[in-house]
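*Asks:* So that we are looking at the same thing, I have put the structure below in structure tokens.
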Amino acid sequence: MEKEREEMESMNGPSKRVCVSVENSAVCTTGGRWDELNPEILSSIFVRIVPPDLMVRSVLLVCRNWMETVSGPSCWMEIDLEDWCRKCCIAKRPHLIDPVVRKVVRQSRSTVQRLSTYRLGIAGFSIAASRGRCLKTLQIPMCEVTDQVVEKHVGFLANLTFLDISYCLKITEKGLKAFGTQCKSLTHLRRNMPLWELPTSVEASDVNDQEALIIAETMKGLQRLDFAFNRLSDTGIEAMLTQCKALTHLEIQGCWNVELKGDLEVRCKKLVDFRSPWIDEHEDNLVDSSDDHSNKDESDDESIYSESPSSSDLD
């Protein structure tokens, strides 16, 4: 057997071992020649196992073939940098986000179809939008983008089907209307907002249905809407249910001005998935589910609790 292996190596050349570190683990292969793999196969492997930031920093340094593959657009059709962006913010280095986004978007050569970031700045959004004619998914929660920037670049984003602008406080009704007017293919909008204080009464709270009315007017093809902790009332719910006839999923958790009077509650519960404004309802469902599971395993639980802790457990 050893002799046969040596003969194979003499014909095919010595085998190579390639290791790529991915989040404290390694992907290794023996007996193959990764530097000679077809670029399409390589790019398919890279996008499945290598995070984008690691692809830029490390993979392209392995060999010339890998560098050429990573430099091509096939590795950058889906760019998910959200986890890396969050780490930058935790490390107090958010200034790194925009330059990296600009670099990877340029690498895509305007073929990027999905971009996911966190705390994206104006410069990063501008380059992503201007080269985003193929973008279908854009997730930019907590971004620094303003209404004026959205209005300037949104014309390039006509093919968007999923938009996440949660916690983007600098995007107001004006920016939302620009998205709705230009992005006619939108089927999923995520516009969750930060938790606000529970009002003592509807009259005392800051009711604002403007965004809901804009959604009803300009995004009539929506199928899913995540709208948690917004300040809309029954007026906004009525408008969206009436105008967005394709709507099947609605999340309004924490929208405490909503009362669901008249037939609104019935209409909402006819949706495939409806999350009501009242958080305690969701908590009750979780408790009920937990109780059912506990009753099912009651005999096992009793046997566990009947056991006395050992001295090592008490130490």
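We number each residue from 1, going along the chain as drawn.
Cβ from N, Cα, C; glycine included.
So TrEMBL says this about it:
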- 124-254: domain 'F-box/LRR-repeat protein 15-like leucin rich repeat' (DOMAIN)
- 283-315: region 'Disordered' (REGION)
- 305-315: compositional bias 'Low complexity' (COMPBIAS)
*Asks:* Over the domain 'F-box/LRR-repeat protein 15-like leucin rich repeat' (124-254), what is the model's average pLDDT?
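*Replies:* Summing pLDDT over the domain 'F-box/LRR-repeat protein 15-like leucin rich repeat' (124-254) and dividing by its length gives 93.
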*Asks:* Looking only at the domain 'F-box/LRR-repeat protein 15-like leucin rich repeat' (124-254), how are its residues distributed among DSSP helix, strand and coil?
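*Replies:* Secondary-structure composition of the domain 'F-box/LRR-repeat protein 15-like leucin rich repeat' (124-254): 47 helix, 15 strand, 69 coil.
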